[in-house]
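Features as listed in TrEMBL:
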ACT_SITE  Lys8  active site
DOMAIN    65-113  domain 'GHMP kinase N-terminal'
BINDING   Pro86, Val87, Ala88, Ser89, Gly90, Ile91, Gly92, Gly93, Gly94, Ser95, Ala96  ATP binding site
ACT_SITE  Asp122  active site
DOMAIN    198-256  domain 'GHMP kinase C-terminal'
Amino acid sequence: MIEAARAKLNLALHVTGRRADGYHLLDSLVAFAAYGDELRLEPGPLSLRIEGPFAEGLAADPDNLCLRAARLVGGEAAITLTKNLPVASGIGGGSADAAAVLRGLERMGHSLPENPEKLGADVPVCLLSAPARMEGVGEIVTPLPPLPSLPLVLVNPGVAVSTPQIFAAMERRDNPVLPPIPRFDYLDALTGWLRLTRNDLEAPARAVCPAIDEVLAALGSTGAAFARMSGSGATCFGLYDSAGKAATAAKMLKQHGWWAVATELAQPPAAG
Ligand SMILES: C[C@@](CO)(OP(=O)(O)O)[C@H](O)COP(=O)(O)OP(=O)(O)OC[C@H]1O[C@@H](n2ccc(N)nc2=O)[C@H](O)[C@@H]1O
Ligand SMILES: Nc1ncnc2c1ncn2[C@@H]1O[C@H](COP(=O)(O)OP(=O)(O)O)[C@@H](O)[C@H]1O
């Protein structure tokens, strides 16, 4: 059986506080790209094989989130991960993989875990893999209405960014929550709202990884209607008013030697 592990996008990410254990309180509008990793689960003892363009950046060792996810629910399966997403890049690849394994094992008769956030703060929202508001440290996930299927480019400058390092480099941890989230029926409605919001991890990530400045400037020059960094970086996204513009933009961005893909915001599966 095949499960898609779609790339997670923090369209907006406000850091609103910090818990006593050091984890940060978040308020984030999360959406998913139609592009991502792919998980194949076949009957058999628990094992993991990794292939695909970013396979070499990742070991199939017991710490891999795919295996940790399976062990958490006592699941047995021969797992093949096709790693299409850059590792440690702010689009939740590892969390999306773990969530896809959990969904696959659920289809094989296992229950979902009670605390999926134990695997990673992004795993609960990646289990849903649909637009949501994410709060708490990631464990509070409120589904939102579908977003329009907007053309989108993901671009990463090839520098892995450490999530704890970016949280530690923040200057303010008591930022306001998100403004009320309306229903977004078209691009201008979404970009208008996004301009009222921020990614509070963008400034510290830009300080640690100056290539993010170049990526955001380049996205602007390709005619993106809106561009921002996702998560703790370094992947940035651009939203476009046509699929043709997004495809041309991805081609131009690749000329910098960066990873870039043209895709769109993922749509829910057709009913029935
Ligand atoms: C920042 C976000 C936003 O969606 O995305 P990414 O940049 O990872 O994609 C996530 O909260 C990351 O989620 P995830 O990558 O699963 O994080 P975890 O493995 O749980 O935590 C890695 C480290 O990040 C810090 N961390 C994470 C989540 C959180 N709410 N507060 C934190 O301070 C902690 O230092 C923790 O040790
Ligand atoms: N299946 C996996 N895919 C990606 N990263 C994984 C996986 N399993 C474990 N990891 C580890 O998790 C860390 C975060 O990876 P990732 O989820 O890609 O980051 P981000 O959430 O910032 O996009 C990396 O340091 C990586 O070594």
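Every residue number used here counts from 1 along the chain in the order it is shown.
Even glycines carry a Cβ here, placed using N, Cα and C.
Here the features listed in TrEMBL are placed on the structure.
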| residue | record | contacts (Cβ under 8 Å, 6+ apart) |
| --- | --- | --- |
| Lys8 | active site | Val30, Phe32, Ile91, Gly92, Ser95, Ala96, Asp122, Val125, Cys126, Ser230, Gly231 |
| Pro86 | ATP binding site | Phe54, Gly57, Gly93, Asn156, Gly158, Ala160, Thr235, Trp259 |
| Ala88 | ATP binding site | Ala160, Val161, Ser162, Thr163 |
| Gly90 | ATP binding site | Asn10, Val161, Ala205, Met229, Ser230, Gly231, Ser232, Gly233, Ala234, Thr235 |
| Gly94 | ATP binding site | Leu65, Val87, Gly120 |
What does DSSP call Pro86 (ATP binding site) in the simple three-state scheme?
coil
Any of the recorded positions Lys8, Pro86, Ala88, Ala96 with a C-beta atom under 6 A from ligand 2? Give them in order, or none.
Ala88
Around the Cβ of Asp122 (active site), how many other Cβ atoms lie within 10 Å? Please give the count over every shown protein chain.
28
Given the binding-site residues Pro86, Ala88, Ala96, return the subset with CB under 6 A from an atom of ligand 1, ordered by sequence, or none if empty.
none
So how many other Cβ atoms are close to Gly92 (ATP binding site), meaning within 10 Å of its Cβ?
29
In DSSP terms, helix, strand or coil for Gly92 (ATP binding site)?
coil
Tell me the coarse DSSP state (helix, strand, coil) of Lys8 (active site).
strand
Just to confirm my parser: what is the rounded mean pLDDT across the domain 'GHMP kinase N-terminal' (65-113)?
96
Let's check the environment of Ala96 (ATP binding site): how many other CB atoms sit within 10 Å of its CB?
30
